[in-house]
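The structure appears below as structure tokens.
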Amino acid sequence: MASHIVGYPRMGPKRELKFALESFWDGKSTAEDLQKVSADLRSDIWKQMSSAGIKFIPSNTFAYYDQVLDTTAMLGAVPPRYGWTSGEIGFDVYFSMARGNASVPAMEMTKWFDTNYHYIVPELGPEVKFSYASHKAVNEYKEAKALGVETVPVLVGPVSYLLLSKLAKGVDKSFDLLSLLPKILPIYKEVIAELKGAGATWIQFDEPLFVMDLEGHKLQAFSGAYAELESTLSGLNVLVETYFADVPAEAYKTLTSLKGVTAFGFDLIRGTKTIDLIKAGFPKGKYLFAGVVDGRNIWANDLAASLIALQSLEGVVGKDKLVVSTSCSLLHTAVDLVNETKLDAEIKSWLAFAAQKVVEVDALAKALVGQTNEAFFSANAAALSSRRSSPRVTNESVQKAAAALKGSDHRRATEVSARLDAQQKKLNLPILPTTTIGSFPQTVELRRVRREYKAKKISEEDYVKAIKEEIKKVVDIQEDLDIDVLVHGEPERNDMVEYFGEQLSGFAFTANGWVQSYGSRCVKPPIIYGDVSRPKPMTVFWSSTAQSMTKRPMKGMLTGPVTILNWSFVRNDQPRHETCYQIALAIKDEVEDLEKGGIGVIQIDEAALREGLPLRKAEHSFYLDWAVHSFRITNCGVEDSTQIHTHMCYSNFNDIIHSIIDMDADVITIENSRSDEKLLSVFREGVKYGAGIGPGVYDIHSPRIPSTDEIADRINKMLAVLEQNILWVNPDCGLKTRKYTEVKPALKNMVDAAKLIRSQLSSAK
């Protein structure tokens, strides 16, 4: 009876690690305090798995910031700017790499595959001197052993580590990161030897790169690396774990013939095609770690169906070689359903968070050897059946409306150039019009008002009055600054997805369903459990109130359907695109009501469109087609003179620029300042873009206030590749997280820069 967990959330059931980290960073607590909180969390996790009956319990999946950064520390691959030369890496160097410090910036952070988790990207090149500089993996193994728990130490595999890295500044573009394998493998050997010496009998290498489209030389690097490690690994059982998609046939061959490896782990939730490869041939005498419990969602497992799948795999690999596992680390799901005291009982019965998934894995492993927990299985079957037949899940009229979408591609009737002319007649904007992205600073006072209203401590009347005063303040600030297209500042909103989800049917919310995004930052995704519809207008009151306070155009502000989808836990009983179309129809109703309410400029944010892109190229076009179509559905019914904006964040757009053009928005604002204006290179290479575009002119993620000259210089760089009649001037992103003392001078400099360039352009005429 064998069960395994790939990895577990680190934050704690009530975000204990988040608060301990932030307290330490603020200088309010000591390193010892932080270590104590962390040791308690690790001990709880190990004991919980042990008492649940899990056989293969992971260690070293805990991290103070990120597991890839832990590997960088283990290899001593610290960029020179942090001034570290030798010795065990401590918190000061570790957190400087993650967050920067007073004198040097942080390392880059990017998304971990297609999840909402982010990792710290290693900066490598031929000059890096690797050395064994963090003994964390061995220390945690010993720590668990001292508690009486035997664990499987987990390391990010050497090849995935290199392929997840980037070239350090100044390194020749032709340098092959895989050429560093001979330099890092000796350190992996030291770690393995120490783990063996400490008594480890199993070791897990996470090599998720196996699920990507890899060229032959990259697959060969895996074969070479494990052949090199083989003698050091002898006497250990070695698991190579993959996740997030199916393993392509060529990669499957390479993976299953790696030297020195005794076990292979697969994600059988997102990688259903891998099952066919396993059935067509699995190496004799090796272990199969079957990831049948979903590590990326919050739904209860269909235990009966999983058991059938496991039994058919047992026929292929043999009874004693099958291990029941999670599809990936449980890092990507919420921690424990026990802490959801306010969640509706029926919906709660359909869910399983990380702690419940551990129990599911154990129940399936026991059932495989004939020790079925009948009560647990029948409760599970009852919950699944209630979910299938619940009237709360299905809404006939929504299903009909979504089915009716099939006939059209929902394009606006007129070309964008003619629409922009109609809009300009109505809006009468100067060239290089200025605007902001949506949110203004959320002050302590404002958060208090929202909290008290939610807790029913103040009346609706007092709440509305307070929010109106805040909107008036934001409108006045923008008018004083002479911004052209205004926003209301979103003082009534807690979060750009939650705010809409709370007003749509088919959504549920948790109290403690937090998931780590990066470092100490957590998000609390809504749960989409049923058909989505909009019972009544969501934003019209606030937007028309704001418009009544000014003669300038006021933007309506909505979150787009793809972003709502990608930032939620999505129902798994229908394809994702069907849910997305339902959300699009709900947003379409809102767009049309805003237009009727006198709002002539409406922004529909699609911050997360790029995030949902599948890992494999073959699946890109299907995703982009339905995602872009969903966006067009929201605004295909408006007049030519209504201007539709969209905003996209922090992404690499160059590979999807044609899909962005296909969204057919009138104006798109894009986060640009952090990505070194990589974005503009697309237009230099001759992509024709006829709609309005506002690449961000300054980075709102930093408290720094850019000067007028610096912003003017940025605008001039943009004018070198974009026509002056389509260029907009705006910050990178919303201003919610900044202080007014930063926002006012930065926006003043932005408006001054736009005016400066306008006057230069008109005198040049």
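Keep in mind that glycine also has a Cβ here, set from the backbone N, Cα and C atoms.
Annotated features in TrEMBL:
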ACT_SITE  His701  active site, proton donor
BINDING   Lys18, Asn116, Arg521, Cys522, Trp567  5-methyltetrahydropteroyltri-L-glutamate binding site
BINDING   Ile437, Gly438, Ser439, Glu490, Asp605  L-methionine binding site
BINDING   His647, Cys649, Glu671, Cys733  Zn(2+) 1 binding site
BINDING   His658, Asp662  Zn(2+) 2 binding site
DOMAIN    3-316  domain 'Cobalamin-independent methionine synthase MetE N-terminal'
DOMAIN    432-755  domain 'Cobalamin-independent methionine synthase MetE C-terminal/archaeal'
Expressed to the nearest Å, what is the distance separating Lys18 (5-methyltetrahydropteroyltri-L-glutamate binding site) and His658 (Zn(2+) 2 binding site) at their Cα atoms?
40
Rounded to a whole angstrom, what is the C-alpha distance between His647 (Zn(2+) 1 binding site) and Asp605 (L-methionine binding site)?
5
Whole-number Å value for how far Cys649 (Zn(2+) 1 binding site) lies from His701 (active site, proton donor) (Cα to Cα):
12
So what sits near Cys522 (5-methyltetrahydropteroyltri-L-glutamate binding site) in its own chain, CB-to-CB under 8 Å and at least six residues off in sequence?
Met11, Arg15, Lys18, Trp514, Val515, Gln516
So of all those binding-site residues, Ser439, Arg521, Trp567, Asp605, Asp662, which one's Cα sits nearest to Cys733 (Zn(2+) 1 binding site)?
Ser439
Rounded to the nearest Å, what's the C-alpha distance separating Gly438 (L-methionine binding site) and Cys649 (Zn(2+) 1 binding site)? Just drop the number here, would you?
13
Sparsest Cβ surroundings (other CB atoms within 10 Å) among the binding-site residues Glu490, Asp605, Asp662, Glu671:
Asp662
Please report the distance from the Cα of Asp605 (L-methionine binding site) to the Cα of Cys649 (Zn(2+) 1 binding site), rounded to the nearest angstrom.
9
Given the binding-site residues Asn116, Ile437, Ser439, Glu490, Glu671, which lie within 10 A of Asp662 (Zn(2+) 2 binding site) by CA-CA distance?
none
PLDDT averaged over the residues of the domain 'Cobalamin-independent methionine synthase MetE C-terminal/archaeal' (432-755):
92
Which residue, out of the binding-site residues Arg521, His647, shows the minimum number of other Cβ atoms inside 10 Å of its Cβ in this structure?
Arg521
Max CA-CA distance, Å, over listed L-methionine-binding residues Ile437, Gly438, Ser439, Glu490, Asp605:
13
CB contacts for Gly438 (L-methionine binding site) [other CB atoms within 10 A, all chains]:
24
Out of Asn116, Arg521, Trp567, Cys649, His658, the binding-site residues in the record, which is closest to Ile437 (L-methionine binding site) when you go by Cα distance?
Cys649
Including all protein chains displayed, how many Cβ atoms other than that of Ile437 (L-methionine binding site) lie within 10 Å of its Cβ?
25
Listed binding-site residues (Asn116, Ser439), ranked by Cβ neighbours within 10 Å, top entry:
Ser439
